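In TrEMBL this protein carries:
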TRANSMEM  14-33  transmembrane segment
TRANSMEM  108-133  transmembrane segment
TRANSMEM  153-177  transmembrane segment
TRANSMEM  183-202  transmembrane segment
TRANSMEM  214-234  transmembrane segment
TRANSMEM  264-282  transmembrane segment
TRANSMEM  303-325  transmembrane segment
TRANSMEM  363-387  transmembrane segment
TRANSMEM  407-427  transmembrane segment
TRANSMEM  433-457  transmembrane segment
TRANSMEM  464-482  transmembrane segment
TRANSMEM  532-551  transmembrane segment
Amino acid sequence: METTDNYRFGVVDYIVFLGMIVLSTGTGIYFGCYKKSKKTIEEVEPSLPDSVDKPRKQDFGSAKMSEYLLGSRQLKVFPVAMSLIASYVSGVTILGTTSEIYNYGTQYWFIAIAILLQGVAVAYIYIPVFTVLQVGSSYEYLEMRFHSVIRSIASFMFILDEILFLPFIVYVPAIALNQVSGINLHVISSVIVIVCVFYTFVGGIKAVVHTDAWQTLVMFLSVLAVAILGTFYANGIDKLFDDAAKGERLIFTNINPSPYVRHTVWSVLIGGFSYWTSFNAVNQTMVQRYMSLPSLKQARASMAIFTIGVAAFVSVCCYVGLLIFEKYQDCDPLTAGLITHDDQLLPLYVVQSVGHLSGMAGLFIAGIFGAALSSLSVVLNSTSLVILEDIVRGCFKIQPSERASTILVKGSILVLGVIALSLVLVLEHLSGVLSICTSMTAIAAGTTFGLFTLGMLVPWANNVGTAVGGIVGALLAGWISFGTQFTIAAGQLNSQKLNVSVEQCTTNVTLPEHNWVNEEDVFPLYRLSYHWINPIGVATVIVVGSIVSLLTKPTDVKTLDADLISPVLHRFLPKECFVSRQQQQTNLLNRT
């Protein structure tokens with residue numbers, strides 16, 4: 001088997017790759033320095049068909065900050081939809097999905113169905129609430145519905161979550177580029193962060209959204225090109241699926257009810273739906289983009305494009321996973337020592353399958369690099385908004401001037417860039433930090449989603465119940481997640497990876513012996529498939545929060561503003577909840 005050294009970056013690869021960097025930087029300069037919005041903040045379009053316009057507060061205290069962080073709520077559907085895709089799809093998604101199929105089979109492919117289902121739920125249950133309230137930060141809702149303390153806690157959780165996620169966004173594509181180009185890992189990481197910080201700093205959300213749009217296209221085209229060319233070199237789709245079936249990778253009907261099996265129909269659909277909804281419904285990186293559009297109709301349109309686009313993109317990644325198995329079915333690269341980690345499977349496949357074609361390696365790495373830039377810019381932009389709106393203005397009740405707000409937001413972007421680079425150095429030397437940080441981000445996402453769901457779908461939920469539910473949910477999810485990680489590290493769980501072969505390796509390679517352990521002695525919750533951790537956390541927040549609220553003077557539903565409750569429940573609310581809306585209609589008629 002050939003080594004990756006046979007296909008290092010050539011001149012064409014560098015031209016393709018550097019072109020992507022120049023376009024990213026140029027977009028930031030264009031939208032930050034030349035294309036200023038000529039529109040001022042106006043009343044947005046009616047957010048719901050049966051609602052009336054609400055007087056709009058000045059976002060973030062000034063028109064300039066509203067332009068920088070929300071595009072004055074006048075952005076277009078398609079660029080925002082592409083940015084939504086970029087918010088979720090990163091190099092981790094591309095490399096991780098392909099290796100998941102290679103190692104565990106195609107049952108994970110059902111995640112595409114879960115993605116489509118969550119798109120419907122987000123569009124009709126959650127987005128309407130944010131749109132009619134015209135929030136700038138999603139966490140404003142928690143103060144409107146409950147208390148400022150709950151808003152502050154959720155905001156701090158979000159910031160910690162995003163800071164922990166930063167190094168992964170940078171490190172994964174840096175490894176991929178290092179593998180095919182030989183460029184120093186720290187040089188690559190520095191370029192990623194400097195380019196991204198620059199155009200985010202200069203252009204704000206407009207630069208982020210428009211850069212994300214074409215970066216997403218490059219990302220999709222690069223993976224699609226690998227899929228098409230890989231199919232050609234694999235001698236067709238029929239042989240591909242025949243080899244996958246022989247290698248026991250073709251799995252679509254695993255209905256095993258056991259929660260301990262990594263991928264089943266139930267775990268992928270239920271766990272995938274819960275996880276994707278947790279992220280896309282209430283996370284600030286997503287809500288900020290919904291709110292940058294002028295109406296609910298446009299927000300739903302962007303969500304529809306996002307849902308279909310991501311489902312298609314993940315499906316292509318799953319297909320590429322089968323291509324990788326077809327190529328390495330007789331000589332596992334990890335066992336043969338060609339790679340040191342599963343996430344290097346796709347870069348290895350690219351350079352060995354299509355690396356001889358000028359520009360292909362460059363296009364692939366440009367796609368991975370673009371995914372990193374887009375995800376990083378989204379995190380920088382959203383986190384700086386939360387620091388201003390939820391921490392400074394919300395938690396500490398400080399109302400900074402326009403100049404002070406600008407310094408704070410742009411300074412936050414610079415500091416976050418430095419933190420990202422610093423944590424990459426930590427991540428490089430502490431391999432175990434990956435699973436720990438991933439667990440912490442999953443805990444934060446599930447807990448926060450549970451809080452919002454309590455507010456929007458449980459009318460009697462009160463402050464005490466919500467706080468207790470959030471704490472219990474976070475502790476339970478954390479207990480399961482960290483307990484599982486420590487159990488795996490101790491070697492007390494069996495690997496569920498499917499069998500690999502080394503029969504056709506050119507060097508003398510033998511499969512390592514795996515000592516089978518008796519998992520019956522392991523605490524049951526520590527043996528759960530990772531798909532179940534998020535839904536358990538979310539369900540705990542909702543169930544405990546609902547019960548405690550009922551036991552501690554539940555909220556009088558008649559005192560609630562209907563706009564704080566999801567429209568799917570409006571038909572069940574008493575008429576008193578709509579008094580404020582009727583008064584607004586009367587005032588509007590009187591003015592006209």
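All residue numbers here begin at 1 and follow the chain in the order shown.
Heads up, the Cβ atoms here are built off N, Cα and C, so glycines get one too.
Nobody curates TrEMBL annotations by hand; they come from automatic prediction.
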Original post:
What stretch, picked from 14-33, 183-202, 464-482, has the most CB pairs under 8 A with the transmembrane segment (363-387)?
Top reply: 183-202
Original post:
Going along the chain, which residues at least six beyond the ends of the transmembrane segment (153-177) come within the CB cut-off of under 8 Å?
Top reply: 90-92, 95, 137, 139, 142, 183, 185, 188-189, 192-193, 283-285, 343-344, 346-347, 365, 368-369, 371-372, 375-376, 379, 382-383, 386-387, 390-391, 394-395, 416, 419-421, 423-424, 426-428, 434, 437-438, 440-441, 444-445, 447-448, 451, 470
Original post:
Under a Cβ pair cut-off of under 8 Å, which of the recorded stretches 14-33, 264-282, 303-325, 532-551 contacts the transmembrane segment (464-482) most often?
Top reply: 532-551
**OP:** May I ask which of the stretches 14-33, 183-202, 303-325, 532-551 has the most CB pairs under 8 A with the transmembrane segment (214-234)?
**Re:** 303-325
Subject >> Intrachain neighbours beyond the transmembrane segment (183-202), with Cβ under 8 angstroms and 6 or more residues off its ends >> reply: 21, 24-25, 27-29, 32-33, 170-171, 173-175, 177, 208, 211, 369, 372-373, 376-377, 380-381, 410, 413-414, 416-417, 420-421, 424-425, 428
**OP:** Can you tell me which of 14-33, 108-133, 264-282, 303-325, 407-427 gets the most C-beta pairs within less than 8 Å of the transmembrane segment (532-551)?
**Re:** 264-282
